[in-house]
Structures are given as structure tokens and as C-alpha cells.
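Notes follow the structure.
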2 protein chains.
Amino acid sequence: MEKPLILVTNDDGITAPGIRKLISIAKKIGEVYVVAPDSPQSAMGHAITINSTLHIEEMKLKGGAEFEWSCSGTPVDCVKIACDKILPRHPDLCISGINHGSNSSINVIYSGTMSAAVEAAIEGIPSIGFSLCDLSYHADFDAAEDFIEKIILQALKNKIQKSWVLNVNIPKLKKSKIKGIKVCRQAHAKWDEEFEVRKDPRGRDYYWLTGKFVNLDQGEDTDEWALENGYISVVPVHFDLTNHQAIGELNQWGF
Amino acid sequence: MEKPLILVTNDDGITAPGIRKLISIAKKIGEVYVVAPDSPQSAMGHAITINSTLHIEEMKLKGGAEFEWSCSGTPVDCVKIACDKILPRHPDLCISGINHGSNSSINVIYSGTMSAAVEAAIEGIPSIGFSLCDLSYHADFDAAEDFIEKIILQALKNKIQKSWVLNVNIPKLKKSKIKGIKVCRQAHAKWDEEFEVRKDPRGRDYYWLTGKFVNLDQGEDTDEWALENGYISVVPVHFDLTNHQAIGELNQWGF
């Protein structure tokens with residue numbers, strides 16, 4: 001049987017330890033093409049490059065995949081240019097990450113890692129974004145390895161639907177402390193902004209975006225609950241943003 | 001009764017004709033604060049600025065609002081800094097646009113205009129994004145004026161829920177040709193990428209993102225159908241990206 005074709009991308013850049021680990025896992029399972037940003041692109045959301053140009057560059061990295069390309073654009077640009085210019089055929093799966101830091105609950109919407117995965121699904125490529133809840137560059141990705149491999153194999157075995165996206169977050173725990181994998185919904189949460197104001201050398205104010213994460217959701221079926229309780233969370237995500245439940249009420253406004 | 005406090009933003013930049021029209025409409029209805037990008041930020045999606053700093057600048061523009069600020073960041077940054085540093089109290093409504101170009105169907109996910117509206121809802125501010133299906137800088141926004149005012153007034157009168165976002169798209173038609181307003185769902189559509197390759201002066205390839213819009217959805221309850229048939233489309237949008245329908249099937253994978 002032909003090996004599955006797997007597209008690997010991320011938002012931390014092609015040399016980040018998280019994607020290097022994900023590539024090593026993917027190579028055990030399939031034929032791997034890597035198309036990832038040439039520089040960090042965290043929090044780029046679903047941005048695409050329309051007012052500027054893109055460069056791509058074939059790369060060889062030690063222990064990497066046979067086919068690796070860096071791209072000067074955003075994570076979503078990487079998926080788009082991979083589909084149009086790099087991949088030899090429609091891939092069986094796209095995997096994105098392993099992100100350095102959580103993409104649970106509302107973070108999914110700011111995340112370049114998850115937006116790349118969502119873009120793949122828009123292109124008809126089922127996809128999985130992986131994130132480790134540890135922002136450190138030198139985070140320990142080893143504990144997550146077997147779980148990630150298992151989730152990828154399950155997705156392929158169960159013929160994951162073309163439009164599906166899974167948002168997988170892994171708690172910062174030793175392997176022996178991880179209790180298992182839980183299917184969840186996205187917790188209702190937000191960031192409370194606290195912009196830090198400073199003075200530049202010419203006396204002008206400038207701002208750094210900082211904030212405090214606030215979980216507004218007490219449910220025990222959420223990704224935040226799962227992570228706080230030692231589980232890996234898996235949230236199915238989709239690109240239909242319609243609030244279907246609101247349609248009835250909205251029709252009564254009488255436009 | 002106190003006038004409603006309305007936050008106005010966009011992604012085409014604070015001087016774009018679309019937002020100037022929206023400000024003039026908002027001034028008829030409420031107390032208006034404008035916080036918008038100092039330069040075009042189309043297709044920035046839900047990007048935020050975390051690796052760089054932000055500047056804001058109070059502005060006075062002829063015929064504008066009493067309080068206007070430009071911001072060096074993305075549309076989502078504008079909403080965040082408005083909430084934390086500029087607005088005198090929690091606003092009653094955020095309106096974003098009028099975007100120069102369609103944000104119907106899948107475009108909602110790439111759109112800075114709509115991402116700003118979604119961010120407002122995350123902050124607990126109900127919001128409406130307006131887009132005119134005409135990319136031209138000199139598009140005629142007059143035909144849309146009465147409809148936009150009506151939709152804003154309906155939202156306030158019906159006490160639009162704090163977490164609600166409406167995606168309003170207006171066809172490029174004379175006012176007399178617009179048949180009315182239709183509540184819709186997001187059509188299933190995508191862009192087929194066609195990257196255009198060129199050679200730079202040093203002989204290196206570079207790429208421009210271009211593409212062809214493909215509507216994959218035959219439904220007559222979609223925004224694409226409404227727009228093609230002369231209606232203004234209103235799609236309720238939300239920031240819970242969970243594919244709730246997939247949870248049951250995913251639980252059967254047996255993680």
C-alpha cells in the first residue's frame with residue numbers, strides 16, 4: 001500500500017524544535033513534505049500575503065524530511081503555496097506544529113499553527129494541529145511523541161473527513177502523568193488586555209500587548225478542563241463560522 | 001436616554017472612504033469612537049501584534065467623529081487597544097467597515113474587517129461587519145447607506161446579544177435594484193490558488209498570490225445566493241470554532 005502523503009507546517013518557523021519533532025514522527029508514518037515559514041509567525045491568525053510577494057526555498061536539514069521548503073509568508077500562505085506549487089499530489093493529511101505554547105480555547109483563533117490547519121481543511125486536506133502547553137523554545141516534546149503518533153494513526157485509520165480539523169493540546173506533564181486523550185469542545189475564554197505603555201527615546205508613548213487569560217467556562221467537557229486535569233484535549237474545529245442557532249432569532253428582527 | 005456608544009473600526013485604514021461613510025452613519029445614531037489602522041490591513045485575519053510594539057495617535061478628520069485614533073497594528077489590535085486604553089466605557093456596539101470588497105462565505109476567515117468584529121464579540125461587545133462587493137477605492141457607498149443605518153438600528157432595538165457578530169455584505173447595485181435583506185448561512189466556498197511566478201532582477205523566482213473564487217454550495221439559504229440574487233446578506237458569525245457535530249463520531253475512534 002502506498003504510504004500516505006503528509007504535509008507538515010507550523011507557525012514557529014521551519015527550524016523550531018517543535019516542528020523538527022513533528023517531522024520525525026511523520027517520517028515513521030508517511031511520505032513527508034514540509035512547507036513552513038522561514039521565520040516565527042506566531043499569532044498571525046488566518047493572515048495571507050496579498051500586498052507583497054513570497055519567496056520559497058528548498059532546504060536540507062539534518063534528520064529532516066526528504067522534501068522541505070521554507071516560505072517567506074504566513075502559515076496560511078505556506079499551505080496555499082504547498083498545494084499550488086510544491087506537493088506532487090493532493091496530500092492525505094496536514095499536520096501543523098508542534099506549537100510552542102497552548103492553542104486551547106480562544107487561542108485557536110489567533111494561532112498561526114491552527115490557521116494553517118484550518119486552511120488545509122478549506123483545501124480539502126484533513127488536518128491536525130498539535131500544541132504543547134509550554135512556551136519555552138527548549139520545551140520537552142518527548143513526552144508527547146507517542147500520543148501524537150497514535151492520534152495521527154487513528155485519524156488515518158478512521159479515514160478522517162476531508163473538511164475536518166483537530167485541535168490537539170498537550171499538557172506540560174511527564175509522559176507518566178498524562179491521563180489520556182479527551183474529545184472536548186472549545187472552552188469559552190478570553191484574554192483581558194493589559195497594554196503596557198513605555199516611552200521611546202524621543203518621548204513618545206508606545207505599547208506592548210500583554211494580557212491575562214480568563215476562563216469563563218465551568219464546563220467539564222471543555223479543552224481547558226481536560227488540560228487542567230491532566231488530559232490531552234482534542235477539539236474538532238471547522239471553518240463554517242455561521243452561528244446557526246442565531247438564524248431563527250435574527251429572522252424575527254423583521255428586516 | 002443616553003446615546004449608545006459605538007466603536008468604529010475597519011481594515012482598509014482610517015482614511016478609507018468606506019470607514020468615513022460608516023462614521024457618518026454612526027454619528028446619526030450614537031456617540032462615536034473610531035480606532036482604526038493607520039494603513040491598509042486587508043487579509044490580516046485575526047493576526048495580533050505580539051513581537052513588536054504599537055503606536056496610537058489621536059486624529060481630527062474633516063466631518064469625522066469627535067474621537068478618532070489611528071493605530072499602527074492590525075484590526076484586532078485596534079479593538080484590543082480601544083477597549084483597554086481609549087474607550088470611556090464598555091461600548092454598546094462595534095461596527096467594522098465598510099469594507100472595500102466582499103467578505104461573504106469563506107472570505108470571512110481572511111478578513112481583517114470581520115476579525116475586528118469577531119474580536120469585539122470576544123470582548124463582549126456585539127458587533128456588525130459591513131462590506132460592499134466592490135473592491136474599488138472609489139466604490140459608491142451611498143446606495144448602502146439607508147440599509148446600513150436600518151441594520152444598526154434593528155440591532156440596537158432588538159438588544160443584540162453581547163457575543164453576537166453579524167457579517168453583512170452588500171451587492172454592487174443601485175439602491176433601487178437591491179431587493180432587501182436576507183438572513184443567511186455562510187456558503188461553502190474556497191479560493192483555488194494560482195500563484196503567479198516572476199523573476200526578480202537577480203534572477204530569483206518570487207510569487208504573487210492570486211486565485212479564483214469557487215462556490216461549492218448550491219444552497220439557496222447562503223450569502224452567495226443572496227448576493228447573486230440582489231439581496232444584502234446577513235450571516236450571524238461566532239467565535240466558537242468547535243465542530244460540535246463531529247464530537248460523537250470522534251469519540252468512537254477510541255483514543
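Every residue, even glycine, has its Cβ placed from backbone N, Cα and C.
The local packing around B:S42 (divalent metal cation binding site), expressed as other Cβ atoms within 10 Å of its Cβ over all shown chains, amounts to 23. Taken from TrEMBL, the feature divalent metal cation binding site applies to B:D11, B:D12, B:S42, B:N99.
Taken from TrEMBL, the feature domain 'Survival protein SurE-like phosphatase/nucleotidase' covers B:6-192.
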Interface-proximal binding-site residues, chain A, C-beta separation under 8 A, candidates B:D11, B:D12, B:S42, B:N99: B:S42
Local Cβ density at B:N99 (divalent metal cation binding site) - other Cβ atoms counted within 10 Å: 31
Entry from the binding-site residues list B:D11, B:D12 having the most other CB atoms no farther than 10 A: B:D11
B:N99 (divalent metal cation binding site) in three-state DSSP notation: strand
Additional residues surrounding divalent metal cation, by Cβ distance to the B:D11, B:D12, B:S42, B:N99 centre under 8 Å: B:N10, B:G13, B:A16, B:G18, B:P40, B:Q41, B:P75, B:G97, B:H100, B:G101, B:S111, B:G112, B:T113
